[in-house]
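Per TrEMBL, these features apply:
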type     : residues : note
TRANSMEM : 12-34    : transmembrane segment
TRANSMEM : 40-61    : transmembrane segment
TRANSMEM : 73-92    : transmembrane segment
TRANSMEM : 152-175  : transmembrane segment
TRANSMEM : 214-233  : transmembrane segment
TRANSMEM : 239-267  : transmembrane segment
TRANSMEM : 274-295  : transmembrane segment
TRANSMEM : 315-337  : transmembrane segment
Amino acid sequence: MLSAMTDDTREGAVRAAKIIVIGLGGVALAYVLGAPLVHYAAVLACALLLGIAMWAIASAVSRRLHLPYRASLALTLLALVGLVVAFSMWTGPQIAAQVDDLEIAVRDGVERARTWVEETPLARRIRERVGGMDDQLAARSGEMLGSVQRSVASGLGALADTVIVIFLAVFFAATPRRYVDGLLMLAPRPRRDRLREVIHATVGTLRSWFAARLFLMTVIGVAFGVGLALLGVPLALPIGVITGALAFIPFIGAILALVPAVAVAFLQGPEKALQVLVLYLVIQFLETNLLDPVVESRAVNLPPALVVLAQLVTVVYLGPVGVLVATPLLVVVVVAVRMLYVEDVLGEPAAPHGERRGLFRWRPRRAHREASAAT
């Protein structure tokens, strides 16, 4: 008996040593790779989420039109490209005309501001300070040129990352079963069936969340764009599109979307900017108190404080991209914790099939079956 206990102790010590070595190796690898590892993790997360969104749309098309999944995915991609091209051709001339008007308004505003400054007692003092800055600007021209070059390089890098994300997302959406099976091969055989259930539930929940978020984005963008047009604000259409796109980001997106709208409206006067602010607050109030409880909470119900905390954490580790992927990643974490810890470890009774309660709940009975078929 003592020998058996000794063997068990030795086996436990060996297992613990392996875990410690692997953990330290992972930390060392992360330290060596540093920023590149974080960058590639952000790209991979965006590609996975976009691939799930493409899969969800293609699955719906396949179900409605009774087409093979591959054909539905190709049709979905062509439709998305066609929508982007059609939108650009339709709004391009309007945006160009409105931008010209906006440029004139900005020029007039700058001229009025310059005239006002020159008529004040501070004009001479300001001109003296500006004149004294010429030498400093000349001395720092090299630094400014370097900043411009870094900005251009960052823009090209972002464009390359976008292309990579799109291609990876298409590959993930085209053959999801291959990647799921490959991931499950890394798990012990007795745990594979349970992990497959977790993956199915996660994909189904994300599908429901994407659908709810897309509906809210459309409603918010259309409502705000129409409201701006009725108020006579320039660039109402592109601002509405930007507002709808930023609505993908809970809480923070609402703040970011308000900045360009108020800035453009302020060119017509502070009264117009105040009207735009009131319009946006009314739309946000209706979304928070009417649309969110009815639409998004039926797909996934996350505490607001938890969402904001997830956004802060992902921004720290992934940079600005973290704001985009914070909520979907939080959904993944919550689903995994609920199923693998609350249900499996703590032994809490599982909710009825297709409905999870607690920190989240979803209604993906059909989405769960589709995820199982795809993976």
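Easy rule for this one: first residue shown is 1, then count along the chain.
Every residue gets a Cβ built from N, Cα and C, even glycine.
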Query: Is it true that the transmembrane segment (214-233) and the transmembrane segment (152-175) have 3 or more Cβ pairs under 8 Å, skipping pairs fewer than 6 apart in sequence?
result: no
Message: Looking only at the recorded stretches 40-61, 239-267, 274-295, which one has the largest tally of CB-CB distances under 8 Å to the transmembrane segment (315-337)?
response: 40-61
Message: Please report, as numbers and ranges, the same-chain residues at least 6 past the borders of the transmembrane segment (152-175) whose CB is under 8 Å from any CB of it.
response: 43-44, 46-48, 50-55, 58, 70, 73, 77
- line: Spatial neighbours of the transmembrane segment (239-267) not adjacent in sequence (6+ beyond its ends, CB under 8 Å) are 87, 91, 102, 105-106, 109, 213, 216-218, 220-222, 224-226, 228, 231, 233, 273, 275-277, 280, 284, 304, 307-308, 311, 323-324, 326-327
